[in-house]
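As structure tokens, the structure follows; a few thoughts come after it.
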Amino acid sequence: MAGGGAKADGAEEITLEHTPTWIVASVCSIIVVISLLFERLLHRLGKRLTKGRRKPLYDALLKVKEELMLLGFISLLLNVFQGATQKICVRESVMHHLLPCSLPAAAAKTTAHFVLAGGTRRLLAGGGASSDYCLNKGKVPILSTTAIHELHIFIFVLAVTHVVLSAVTIILGITQTRNWKYWEEKIQQNDDSAPQMIKHVQEFKFIKSHFRGHGKRWEIFGWLRSFFKQFYGSVTEEDYTTLRLGFIMKHCRGHPKFNFYNYMNRALEVDFKKVVGISWYLWAMLMIFLLLNVHGWYVYIWITVVPFILLLVLGSKMEHIITELALEVTQKHTAIQGVLVVTPSDELFWFHRPKLVLLLIHIILFQNAFEIALFFWLWVTYGFNSCILGKPVYVITRVVLSVISQLLCGYSTLPLYALISQMGSSFKKAIFDDNISQGLTNWAENARRRNRMPTTSVGDNSPIAEGIQMSNETRRESAMEQGTTRLI
């Protein structure tokens, strides 16, 4: 901005009143066309997901639209209140505390608002009458016009980066779990009528690969093995087969041919809807970082290192849950007739809460997206040598750690979560397909209505049939009956 100095030279900014109409129409047309193309792209993607019966992914797409709408509203607020912000005046000394970059000695003696950009000073006392309003009082605006503009661009870049990286991570995770489809098909084709032999517990491959002995020595070895195993072959065929059987024996014992792979993918798609969103606590973490990003505090280092360490700990914990399941079997049995069966339990997880794993992954992905978005935004806005980025060696290290975190989360941590999250004491709603799930939901709502209205006649139809009839979809009714028979 030229600011007050521009006015002194007689060169004022051109307002919309004196802008040629063809320029206004052209700029608006370009913006509208780009917006419509993006909207139609999302619409077509939504139709494809709907036709493919990928309702959880369609819900995630709607969540992305909500986030984009929220960002548009934030940008609107920043623009609307830009003038009002310029009239909030503070003393010059207030601007010399908690700075992301240290001010040169000469800056402290002026009465203008300075911001460092690429190691040089830019005077932001301009802004027309709004800036003069504070300067006439011997003060400065609390936030310059340029700073407001850069701030709302950063928020937009952060949200878009988070959505894109979350989608990329989920795609990498699902791609990695494609290998498990072959294992599932192999299990479905196996003949269960083979005679059941009695084996010593140590003869099972699952036990051999996860259990070495009892005592503190072997417990430490188990944790070390869990730590390194997340970097290579995080889930083996024996792991998948054993954990799948443990889930089936606990939650659907009467259906040994239950397609665990399809259920796991449906559950992962539902969780993706939660991961792709930006919850209030993530916005709170962003505000805390913006507050603590003070020169000399090196917060930007911790914002990279802590999520990376947390990701390694989380991967080690999920790998160690498999080891704990093997240890539990060896403690209870010496020999086993037939197949090896583990017992899923919430006690295997931190604070007995399997959902805590998804929360931590959500935080890690957001922090990683924040680091990557901050790097590219500062690089484009201020240059690679920006004082906010820090020393080049720190910048390169942070970017490398962020890339490693993203790849590790997609290829190891997320597939591990897809499998280990099923080892809790309860199953997820995704165990039913969409038709059955919708029918049960309608039945539950209808049952609540009947409880509130005791005189209402139930009629001759069964409760589940009533729920499906309320949805006015005969296709769901037939799918519901077939699915119920299949589960029983």
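Any Cβ shown, glycine's included, is placed from N, Cα and C.
Per TrEMBL, transmembrane segment is recorded for 20-38 (among others).
Per TrEMBL, the feature transmembrane segment maps to 68-85 (among others).
Remote same-chain partners of the transmembrane segment (153-174), defined as residues 6 or more beyond its termini with a Cβ less than 8 Å from a stretch Cβ, comprise 64, 67-68, 71, 74-75, 265, 268, 272, 275-276, 278, 286, 365-366, 368-370, 372-374, 376-377, 406-407, 409-411, 414-415, 418. Summarising the annotation, TrEMBL assigns transmembrane segment to 153-174 (among others).
Feature annotation from TrEMBL assigns transmembrane segment to 275-292 (among others).
Outside the transmembrane segment (298-315), and at least 6 residues removed from its termini, the chain residues within Cβ reach (under 8 Å) are 227, 230, 234, 289, 292, 357, 360-361, 363-364, 367-368, 370-371, 374, 388-390, 394, 397-398, 401-402, 404-405, 408-409, 412-413, 416. Annotation comment: TrEMBL describes 298-315 (among others) as transmembrane segment.
Away from its own ends, the transmembrane segment (356-379) comes close to residues 153-154, 157-158, 160-162, 165-166, 169, 271, 274-275, 278-279, 281-282, 285-286, 289, 300, 303-304, 306-307, 310-311, 314, 318, 349-350, 386, 388-389, 395, 398-399, 402, 405-406, 409, 413-414, 417, 420-421 of its chain (Cβ-Cβ under 8 Å, at least six residues beyond either end). According to TrEMBL, the feature transmembrane segment maps to 356-379 (among others).
For the transmembrane segment (399-420), the residues of the chain that approach it from at least six positions outside its boundaries are 165, 168-173, 176-177, 230-231, 234-235, 239-240, 243, 264-265, 267-268, 271, 304-305, 307-308, 311, 314-315, 318-319, 321-322, 357-358, 361, 364-365, 368, 371-372, 375, judged by C-beta separation under 8 angstroms. The transmembrane segment annotation in TrEMBL covers 399-420 (among others).
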